[in-house]
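Read the structure below first, then the notes.
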Amino acid sequence: MSADGRSGRLRFTKMHGAGNDFVVLDLRDGTPPPDAALAAQLADRHFGVGCDQILTIEAPRSEGAVAAYGIWNSDGSAARQCGNGARCVAAWLVRDGTAQGERFIIDSPMSAHAVERLDGDRYAVAMGVPQFEPAQIPLAGFAHARDEYALPVHGETVRFGAVSMGNPHAVVEVGRVDAAPVERVGALLQQNAAFPDSVNVGFVQVVDPAHVRLRVFERGVGETLACGSGACAAAVVLMQRGRVERDVQVSLPGGELRIRWPGDQEQVVMSGPAVFVFDGEWNR
């Protein structure tokens, strides 16, 4: 049980995947999902528990799935995809006893995901088939997919790749990721009319064909220590350009992820850690 209605206490688990941190709530006992105000309050790092996103464990929605999960950003908005969150939900379900065996399926707000337990605290998650057509991202003003787009933004031209991994991503290749204008350009692209649903913006540096470095400015959150779907997006955009191999290590400020994509209509597979931090109760 996650909540005690009489006392207002909310039970939770704090987790992270490569530094992308989450508050996990089990709603399968009938506890209602958080509204935008409660989600933002819970995610507040000064007055709440503090996290990038809230993950809610729910009853499965598809045949064969062991459970489903919802995603709430730190500003209270709902999200449809979260790769690091998928791994943390998988690990939570294994510890809870809901998920049995080495392979199982979980439902995100976007789709069902196949999960595989690896060594230690590592999990692999099938993240779906990347969508490059502008209408599917969505990216307005362009009729057909291309390797690189250009937009005039406040007097400068920003060049980027674009893809949907169940959520929209723009990928900006840079020479040095440490010096990338993550917050400034990230916020400008998110506010640009070309992205009607806003966009997650990744800044990626190719170290060598098997290794990239990445920083991500996320919708509804800002820059995070890691973004799983952002790592997938950066990898597949670079793979499409022939800049990296089909199996690539992605170094983020909070840790390491590995992204594999055979290409065409195959699913992207992301692997990385899912770490328990602590269990607690929040007096709301």
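Just so it is clear, glycine is given a Cβ too, placed from its N, Cα and C backbone atoms.
What Swiss-Prot records for this protein:
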- N20, Q53, N73, G83, N84, N167, N200, E218, R219, G228, S229: substrate binding site (BINDING)
- C82: active site, proton donor (ACT_SITE)
- C227: active site, proton acceptor (ACT_SITE)
- F278: site 'Important for dimerization' (SITE)
Neighbours of N20, Q53, N73, G83, N84, N167, N200, E218, R219, G228, S229 excl. site residues, C-beta within 8 Å of centre, substrate: D52, I71, A79, Q81, C82, G85, V216, V221, T224, C227, G230
Substrate site span - longest C-alpha distance across N20, Q53, N73, G83, N84, N167, N200, E218, R219, G228, S229, in Å: 17
Cα-Cα distance linking the residue listed as 'active site, proton acceptor' and N73 (substrate binding site), given in Å to the nearest integer: 13
Residue among binding-site residues N73, S229 with least C-beta crowding, 10 angstrom cut-off: N73
Candidate with the highest Cβ count within 10 Å, taken from the active-site residues C82, C227: C227
Three-state secondary structure, which DSSP defines for N84 (substrate binding site): helix
